[in-house]
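Participant: I am attaching a structure below and will ask some questions about it afterwards.
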Amino acid sequence: MISPGFHDFNGPLQLCNHANDSNPHNIYAFSPPFVRRGNDNDIPLFRRGFCSVRNYKLSVVCAIPQASIKNHFAPISHLNIDDSKNPSIETALILIRHGESMWNEKNLFTGSVDVPLTRRGVEEAIEAGKRICNIPLDFVYTSALIRSQMTAVLALTQHRCKKVPIIMHDCSKQAEAWSQIYSDEAKKQSFPVIRAWQLNERMYGELQGWDKQEISKRYGKEQVHEWRRSYDIPPPEGESLEMCSQRAVGYFKEHIEPQLQSGKHVMVAAHANSLRCIIMYLEKLTSCEVINLELSTGVPLLYIYKEGSFMKRGSPVGPSEAGVYALTKSLALYRQELDEMSC
């Protein structure tokens, strides 16, 4: 299901006839910058006309598959064996809501509008980086919005591994070719930052850009509270939390969870609602429980993945708080390695 709103895809779309997928004449490719969900099974393109997909399968074809990203970068952690069937695999998952944005500061509905961080947001991102500077990382995922990307990169400047985050540009073959790294040494000292629109903030529709207090006066506090905190009721022309969950959790299951299963450590810098959806999946929360979940800006949350389960470890307090990082044997060993390297 495609949630409403506009999304930048990483490649062309293909429509494949289920009845005869092998026939190349039944495959149609096009590259619109966005697709919006309409009524029933119709999808308007560029808000002009509709493309019926009742007998077709809609899929996104990425310019760079996940496997190729792996091949271009060396993981910074070697504590775990790259074998998803190994029951001893224990990996770290860090979730960070972006630092304060300029519209957070003005108390405006932001949603999918691409707004940067405030000075305070920058400071929150740097502080978040200090809290996670001893936790191993191999891959970083952000949304397509600048506030989450700023948060991720600023946080990574504080990491003790001293490796360089490389933002992946896979919107076209030319962008991929021009951003190629040819030095093996540079590859070893880098790791990828992968952007995905599926991790974007919930799209608030006609509320975006409006002052929250003004909207409460216009529609009533109860109505606005229902739009903001219900699970399946969207604001006008916007997404419900349920709709946001379908894309955010879907992406997490398809792209991020397999990395954890293979022994890689991952950080996700995203937004209040996309992270709420992921946490709902990790902690098996109900729709009633997730709507009351509050996430502070710039505060990292640590989870440990082991034997198919996610264990919540709370928020790291700081690099000097040894107990937080010694919760598991692998994290303790990694910190010890960093200490030895800095001597």
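The backbone N, Cα and C atoms fix where each Cβ goes, glycine too.
Nobody curates TrEMBL annotations by hand; they come from automatic prediction.
Feature table excerpt (TrEMBL):
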ACT_SITE  H98  active site, tele-phosphohistidine intermediate
ACT_SITE  E201  active site, proton donor/acceptor
BINDING   97-104, 110-111, R147, 201-204, K212, 228-229  substrate binding site
SITE      H271  site 'Transition state stabilizer'
Participant: Considering the recorded positions H98, H271, which residue's Cβ sits among the greatest number of other Cβ atoms within 10 Å?
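Facilitator: Of the recorded positions H98, H271, the most buried by Cβ count within 10 Å is H98.
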Participant: Hey, how far is G111 (substrate binding site) from H271 (site 'Transition state stabilizer'), Cα to Cα, in Å?
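Facilitator: Distance (Cα to Cα, whole Å): 9 Å.
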Participant: How many whole Å apart are the CA atoms of the residue listed as 'active site, proton donor/acceptor' and the residue listed as 'active site, tele-phosphohistidine intermediate'?
Facilitator: 10
Participant: In whole Å, how far is H98 (active site, tele-phosphohistidine intermediate) from K212 (substrate binding site) when you measure between their Cα atoms?
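Facilitator: Roughly 20 Å, rounded to the nearest whole number.
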Participant: Among the recorded positions H98, W103, R202, report those whose Cα falls within 10 Å of that of H271 (site 'Transition state stabilizer'); none is a fine answer.
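Facilitator: Matched recorded positions: H98, R202, sequence order.
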Participant: R97, R202, K212: which of these binding-site residues has the sparsest Cβ neighbourhood within 10 Å?
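Facilitator: K212, out of the binding-site residues R97, R202, K212, has the fewest neighbouring Cβ atoms within 10 Å.
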Participant: To see if you understand the setup: which same-chain residues, six or more apart in sequence, place their Cβ under 8 Å from that of E100 (substrate binding site)?
Facilitator: L117, T118, R120, G121, E124, T297, G298
